[in-house]
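Each remark here refers to the structure printed beneath this line.
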């Protein structure tokens with residue numbers, strides 16, 4: 001186990017370095033450069049821009065800039081935002097809770113519903129339910145998230161008036177209920193695609209497990225059908241799903257980008273788009289590293305969980 | 001209750017099956033999985049149900065357990081279990097019988113236990129499912145059961161996960177589980193087929209002992225007449241869903257009535273007392289094609305840095321020779337290193353040290369780029385005829401892709417493939433068909449033809465007939481024998497089945513823990529073994545003692 005963890009940490013570190021190099025390079029390849037924002041301002045003279053460039057150290061070779069940035073990162077200094085001069089960590093920290101809230105509730109919805117659909121689809125294979133679930137998953141996967149968002153707003157906000165069309169809370173009313181009320185639509189919309197993916201994988205994993213010999217053994221010793229499914233089938237089917245969760249949950253961030261824009265949700269997705277528009281490189285890099293870290297940590301947790309749950313790995 | 005193991009004078013019936021018919025889903029190869037099956041399982045007896053794959057023997061067991069796969073149902077007949085009719089019984093009532101009145105053990109102990117639950121938890125579950133005892137009493141009983149089936153250190157075994165146990169130990173756990181509620185009937189579906197021969201002998205003894213001690217009735221499903229000879233009181237022979245013969249074991253074994261039973265018994269491989277006639281003296285005296293010298297391979301896993309390294313010596317200091325036109329048998333149990341040896345000879349794996357002199361040239365140190373041109377001369381035949389052929393390629397493509405890659409022209413390859421299909425006893429029309437259209441035996445013929453396409457000098461057959469029914473097995477062995485006589489190819493025949501090895505081999509190497517513990521002619525190995533391990537192996541072969549076809553030399557193994 002120690003050896004496994006050690007090698008995984010090493011891999012993760014290398015991966016982070018590679019991601020940061022690619023991100024940094026690509027970002028600086030963008031036309032306009034980091035100061036294009038200032039260049040549009042009529043009050044700025046070329047001399048002003050040159051001064052700012054000098055000040056921010058942007059006139060030095062790219063690899064020097066990268067090394068300096070990386071050295072700062074290692075010491076916990078993620079740089080300062082071009083936009084308002086506040087530390088990148090503080091900017092990100094302001095937006096993280098909203099995104100985590102959205103991702104968390106979406107994950108709960110997606111895993112709960114997806115798992116249920118998957119198990120039921122597998123235990124009632126080729127039933128009406130299974131066909132509806134299969135077609136439903138295909139529909140959810142092929143229609144873009146923003147469309148669901150817009151339709152949701154049209155139906156539930158404009159026509160029915162049941163749910164708010166956007167934002168995280170009503171100004172002046174920050175009760176838990178108010179938050180929940182705002183949370184319903186974005187998290188369901190964000191969860192849709194993941195319900196589809198999760199239910200398909202769960203169905204496959206359940207079918208794999210259900211045809212195993214030990215399931216026959218359990219039935220042969222007179223275990224009730226309910227326990228056969230819940231304990232023996234689902235227990236074993238969840239193993240590959242843990243790994244899937246490690247990959248799927250971070251990918252919610254991508255979905256959050258769209259969802260947050262549609263529902264004017266003040267999270268990291270919105271921050272990312274705004275910062276790109278503003279050529280706020282330090283914040284963009286910060287967000288990139290944050291999401292890379294999140295992905296790697298989620299995968300690591302998934303792998304460790306599998307190792308802990310599966311005695312064949314835990315005790316080997 | 002009946003106490004003894006011998007048939008009671010007036011046997012009463014524990015399980016009675018009458019005119020049982022189970023229909024298959026529409027569109028399958030036949031209408032019914034089993035048709036009009038009738039037999040009795042007498043109390044305190046062992047009934048063997050024997051047949052080849054597809055005979056419906058396992059399906060009969062599933063029907064009795066009420067565990068038919070979806071889409072199949074009992075369409076006629078009756079099953080009376082302890083006087084109660086179970087055909088048409090409510091699902092919940094059937095469930096309460098399973099594990100309590102009738103329990104079952106399965107073929108593959110590696111997959112029959114839930115990998116995520118401890119051995120103890122899985123045995124307790126059987127009792128808990130029927131509301132038997134308290135958590136405390138179930139636990140005590142579980143440890144008792146583990147003791148009863150002869151597992152070492154039962155208290156510790158209770159907490160073990162299945163992956164830590166060997167195949168034989170897992171099968172003992174399965175038996176403990178099946179016995180937990182003292183059922184009157186035990187159904188054993190090929191419980192020893194996946195086990196090594198020595199383990200098989202132990203498990204057979206265990207089942208028979210327990211059956212006698214508890215006066216249990218056992219329905220034992222097998223494809224092996226050797227096993228029947230070991231344990232059966234009476235026998236039911238099944239073919240294609242029908243019972244073709246039933247009777248006392250001794251009667252069916254000695255004087256079978258039905259032609260199918262006769263064929264089946266005749267096809268069972270036996271230890272041969274006389275060696276295979278040597279080929280013409282010229283080839284016997286010929287220079288060996290393959291000389292292996294001090295071959296060593298060690299598997300390492302884990303990490304040396306964290307002291308979790310595991311070292312498994314797979315092949316240790318192995319030396320032997322094979323002459324053209326001769327067959328060397330490599331026999332041993334799982335983990336003996338026999339398959340590793342095959343992979344080393346074919347350079348599918350790198351050698352740690354030692355020499356492999358093929359036609360005078362040491363191929364052990366050759367890099368793949370140099371060895372590749374020699375690959376056609378050493379070909380393999382694999383165990384599983386279902387997994388070893390690419391399902392998306394036609395037989396023609398499978399046969400010709402290799403030779404074409406080594407520069408044969410398409411038309412020439414096609415022509416040779418046609419010839420070979422003929423040689424291995426397949427119709428030339430097979431060329432354009434896909435593997436799934438063939439039976440296991442036919443696919444193995446394709447596998448043989450594929451290997452022969454390269455005109456190899458050495459064939460390595462790794463358990464090439466182990467997955468086949470006995471009658472098919474006999475045909476493939478005959479085919480290999482004929483091909484060797486016609487082409488003079490040398491062969492290394494890797495198998496766990498000593499009876500098969502004695503059929504086809506000129507010389508036999510017995511492997512144990514990576515070493516060759518004995519080397520000699522089959523007659524010597526099987527009838528006058530020197531090594532203790534060889535003696536154990538031979539003693540464990542099921543059914544040989546009862547077999548009048550095996551002519552045991554007079555000085556048999558009573559010495560030393």
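Cβ coordinates are placed from backbone N, Cα and C, and glycine is handled just like the others.
Within the listed segments A:176-197, A:198-219, TrEMBL records transmembrane segment for the stretch A:176-197.
Tertiary neighbourhood of the transmembrane segment (A:12-30): same-chain residues 62, 65-66, 69-70, 73, 279, 281, 284-285, 288-289, 292-293, 296, 300, selected by CB-CB distance under 8 Å and a gap of 6+ residues from either end.
Simply put, out of A:98-119, A:131-156, A:176-197, A:237-263, A:237-263 has the most Cβ pairs sitting under 8 Å from the transmembrane segment (A:283-309). Annotation: stretch A:176-197 has the most Cβ pairs under 8 Å to the transmembrane segment (A:131-156), among A:98-119, A:176-197, A:237-263. Residues 133, 168, 179, 183, 186-188, 190-191, 194-206, 229, 233-234, 237, 241, 245, 248-249, 252-253, 255-256, 259-260, 265-269 of the same chain lie 6 or more positions beyond the ends of the transmembrane segment (A:98-119) yet place their CB under 8 Å from a CB of it.
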